[in-house]
Amino acid sequence: MHHDWTTLPLGAGGRSLIEASAGTGKTWTIAVLYLRLLLEQGLSPRAIVVTTFTEAAAQELRERLRRRLLWAETRAAAFVSAIDRGESLGPRLRGGDGDEAASPGFAAGGTQGVESTSDPALDWLQARWRTPGTAARDLQALRLALAELEHAPVSTLHGLCRRILAEQPIEAGADFRAAELVSTESLLDELSADLWRRLQQGSEDEPLYRLQRMTGKPLSLAQLRGLLKSTLMAGIEVEAPTLPAEDSETARRAQPDAARAARLQAVVDNAALFNKRAKLPRALAALAQALDPARNTQGLPAWQCLGADDIEVLANARALTGVSKPGKTHAGLLAATEFAAALCEAVLARMQAAPQAFLHALAAAGRARMDALLSLRRQQSFDSLLESVDAALAREAQAAGDGGRRPLADTLFAQWPVALVDEFQDTDALQFGILDRLYRDAAGRERGRLVMIGDPKQAIYRFRGGDIHAYRRAAEQVDEHLNLAVNQRSSRALVAGCNALFALGGEALSTDADHDIRYLPVQAAGRADDKPYRVGGSAPEAALVLHFQADSAGGQEARRQTALRACASQIVELLNDPAHTLDGRRLGPADIAVLLPRAADIARLRLLLEARGVPCVATSRDSVLAGDTARELQVLLHGVVHPGDAGALRAAAATRLWGARFAEIRRWQDEPEGLQQVALRFRALHAVLIERGVAGVIEALLDQIAERAMSTRRGERLLTDLRHLGELLQEASEDLGGPEELLAWLQHQREGAAVDEAAADERQLRIESQQPRLRLLTLHASKGLEFPIVFLPLMWANGAGSDRAPWRRSDAHSARPRLSYAEEAKAQQQADLQDERFRLLYVALTRAVHACHVYALDPTRPKRAGWNLQAHQGVDAAPLDVLMQRAFEARPELAAALQAGEAPALHPIGLRAAWPAATRTRFAEADRSDTPRRARELRPLPARAPEAKHSFTSLSRAGRAQSEALLDAEAPAQDESLPVEAARLESVHDEAPHPDLLALAGLRGAGFGNALHSLLELRVIGTPLVQQLEHVQATLAGAGLRTRDFEPLGLARFSERLAQRLDAALAAPLGLEHAPGLTLAEVPARDQRAELGFDFALPEIALADLAAACARHGEPELVPASSRRIAGLMNGKIDLVFRLGERFHVLDYKGNWLGERVGDYLGERLSAAMDHSHYRFQALLYTLALDRYLQQRLGDAYGREQQLGECVYLFLRAAGLAPGAGVWRQRFAPGLIEDAQAALAGAWHTAVAA
């Protein structure tokens, strides 16, 4: 049954499938379904699993969910407020993108007859709120949901499995101690090296060695690693072999026998028995030698001495191929062939089965060794996370039988009754198996609600383990469907063009016209047309343009180069033509992307574009360590480490980084003074290496080559890579024993050492400039992205590549993919890969917003000009060729016209009868000396220098000497020496002192406060301080505190106690307005910024004016009374700024001693301490600084009401000892902030974060 998002069943006991075509608002739909689950089903975010494909996508999805909930909460609050004011029960809030936290508001003229909205989510909410009381309940639910969202299970499925193993160790059979997560790639390096040594040094007694020998093909280390990677991939099985057993008769015949060898040799020596080019006599001669004890001195079975080709010839010897007419009746020859065939038939059968048997044995050996290594080292790989959970669920299902209890599955289902699975088309059989078990009871009935969201047309990650057949099997089990068929991304013209292309060329994304994965025609929302693409002020003739080249001279590589030249020339033509505009401005390089099949194609096109002056950037996953700069830097660093080695110096000087010319290096042989000068410079760099590390060497090298590099075409790339390599090397050097180890590390990394996903991200090539640039991407890398204009110059070349055994066999009926050497598996893999290339074509065609240019060739072209052999056929053909061929079959007149060099009308598709002409015209902007730079405009210098630096400390201390006010920014805890004790109210006599407060009573003052700040600033966020005791001890030891301060516990025990206290403080609820239960320990590291420094200029102002501005808002005591006038620079550092949703909050740590009772840190007594020390004034200054910082960074997008949060003071001695203890917070009214900023007029533009 098909639904829309408002009617899709979300209740218990079923499954739903959402197929979201490209650009149809999949993430928007997930967010509104999440909203429905919270409000309709009454679920908590903790109860809703949301999974997606990558960690980055999971974080983005969590943020989109938060924004949707904030949006709904804002509108619910406005609705309830309107009802409370007695206004109409049907207020209509202003619309807008539901992914933006827009301010609540009503149409002009009150609540009667207000404007409608184009946001269907708002329509749905307001329909709910017609029922009295619903809006208020929803508002409460939304606020609770926002408070709990940080705890919601939004992650990858790998992350979810890791959480399962950590939280349910008994039921999952996992270790109670968390295992270290490691990369499978790094384990594969070690595993393959270990098994390769076994194969090289093994004996016939070892089955794996024997099976590998039986294949007749020795394996290199790289080949073995590739096989292991294939067999150990999560969810992949290896088909069991059918290996014929060795029989005793064959073994007896294979033993050396001198008489039999002589008889065979006599037959071979009779040349008249064979034709001239016969293979049989050579094979019989090899068999005779293998049977001859004088030659086979080790007594090996004869077949072990034969090559695979000879065995195959001898196994078929009875056919007498290559035997002369006399030989066919020669008794000796007939006896010899009978003996050879009887011996080798069984051997050949075993040889043909040996690769599969070896693969099966290798998988078992590799799996056993991998599991042993992980267990021994207390580690887990990403794959083992899935496999561990799957195995646990399978074990308990088998033990429970039909209807029994399954502790793990039932516990997880009770905790997470609903799951939303994003990017479901990339799920494999193993991952779906885990979800399927969770959302079925022991009897196999569906339970809870499993919502699968994806697009099978975009399943393009087979190489990562994605299995489209798993998606298809899951889809067959679903009755409730939602198809998203309104394209929100592309213009109407482009959507119409894509619909027309697939209508003409066939909707099946396969060579099989009846395939179930098909292009689905979509409608266009038309949002892109609000910022239109125009040519000469009018819409272009067509948004989808096919450039068809009938005459394709040369071979495949020549055609590639021709297409890339044509593409580069067409791009320059578009950029140079002022008639091409986008949203009223001239088209620029950043508006264009080119999508290509291979990284090599990107490198070629980049050179062509750069030669024409077009700034471009290649977006790829390539590692900076794999490039030429890393190779040359390794050579140069070798010279730095060995400055006395003349050969090393010559090699280093010859690099592009040093820049010595060949003639200069040759001259050093006759004029050694030149080399001596180079040696002196390298010795200086060696001294820098010893004193400052490799980062110092890189810095010196950058100074030396920067000017020369920037005069070359690839200079920016070189300098960017060099800086990047410097960072990686410096970080690595901190864990290595010296320069030699660093060189070895660099060599190992350049040779392709495996790393995990996080390290791979760190090493990914960086963009060399922020200048707007054209994007070059591979087809796979473009998925999920969009670009105004897209070029596809090589889709005709995206045919079958090399395809090596073993092959992956998977279909709609098999539980998991299987590896096999069978020809049937090869045929199925070829078909699967072809289908995936069709899906890549779909992904490529749907990336554009306004225009897409596709280059095509005649699908019947020969492989090379003048040949009769067609380029590609069947499953080897490029999908674009298949599409064109289908179109030609449907419209023969179209083919005839294009092949004749004519371009008939094919609206809404644009046709061109040739590729654009290749020219050397340059991008006009590249040669302009007056090209505008996007540097920030600098204000003129002030008329006079600032008089002084000011801080909270200097302004709050009356009578302080002017010279003291000239100090730099205060230390983190400089203010904590203020005498707050004087402000304490009389304690309640019957309240006993708290032991945690007494334990720290002897440590007071700025020294201890600074130590606390350092501990919290430099801690590893997410790890309790009790697990960072080395950091705690080192910080305390370096804080200048006296040894007796730690008595009687001693430093180590005191450090442990202090860590426990700080962990408790970090776990104290902060009481925020929108998330009262949130603790600082729950705020992820990415949402925290410690020690945010600020400096902003002050014109001459009176503090009394600032005090008056605050008094106007009911805060007459906020600013310390003073008649001073100040001018200069206000500076300081905010201990912590953290983000929750869209709001940014200030937090300040305080180590002040307020008393020995918890009550001293609560309520009025805490407020009195804040006022006495003027900490509320400090909170105001920090809030003003953050307000300016956000205004500067966010510009017009900044909204103080929505994004400026509360200010929290966390008194570390008492936070967490009782509800609310040690936690003070205030959110200053936006009006007060506005007037306070006005009082500091003239300083608005200069707030800069340190």
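Residue 1 is the first one shown; counting continues down the chain.
Every residue, even glycine, has its Cβ placed from backbone N, Cα and C.
Nobody curates TrEMBL annotations by hand; they come from automatic prediction.
If you check TrEMBL, you get these features:
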ACT_SITE  D1148  active site, for nuclease activity
BINDING   A20, S21, A22, G23, T24, G25, K26, T27  ATP binding site
BINDING   H1013, D1135, D1148  Mg(2+) binding site
COMPBIAS  923-939  compositional bias 'Basic and acidic residues'
DOMAIN    1-491  domain 'UvrD-like helicase ATP-binding'
DOMAIN    514-784  domain 'UvrD-like helicase C-terminal'
REGION    1-919  region 'DNA-binding and helicase activity, interacts with RecC'
REGION    951-1250  region 'Nuclease activity, interacts with RecD and RecA'
Cα-Cα distance linking A20 (ATP binding site) and the residue listed as 'active site, for nuclease activity', given in Å to the nearest integer: 46
In whole Å, how far is G23 (ATP binding site) from H1013 (Mg(2+) binding site) when you measure between their Cα atoms? 47
Integer Cα-Cα distance in angstrom, G25 (ATP binding site) to D1135 (Mg(2+) binding site): 40
Protein Cβ atoms within 10 Å of T24 (ATP binding site), excluding its own: 23
Check each residue in the chain of G23 (ATP binding site) that is at least six apart in sequence and keep those whose C-beta is under 8 Å from its C-beta; list them in sequence order. N487, Q488, R489, S490, E786, T846
Taking the recorded ATP site as A20, S21, A22, G23, T24, G25, K26, T27, identify the other residues of that chain whose CB atom sits within 8 Å of the mean position of the site's CB atoms, giving them in sequence order. T29, D455, L484, N487, Q488, R489
Distance from D1135 (Mg(2+) binding site) back to A22 (ATP binding site), taken between C-alpha atoms, in Å: 44
Could you measure between S21 (ATP binding site) and D1135 (Mg(2+) binding site) for me? Cα positions, answer in whole angstrom. 46
Could you tally the C-beta atoms, other than its own, that fall within 10 angstroms of the C-beta of D1148 (active site, for nuclease activity)? 20
How many Å lie between the Cα of T27 (ATP binding site) and the Cα of D1135 (Mg(2+) binding site)? 36
Cα-nearest neighbour of D1135 (Mg(2+) binding site) within the listed binding-site residues, A20, T24, K26: K26
Have a look around A20 (ATP binding site) and count the other CB atoms within 10 A of its CB, chains all included. 24
D1148 (active site, for nuclease activity) - helix vs strand vs coil (DSSP): strand
Enumerate same-chain residues with a sequence separation of six or more from K26 (ATP binding site) and a Cβ-Cβ distance below 8 A; give 'none' if the list is empty. I18, A20, D422, I453, D455, L484
Taking the Cβ of S21 (ATP binding site) as centre, how many other Cβ atoms lie within 10 Å? 21
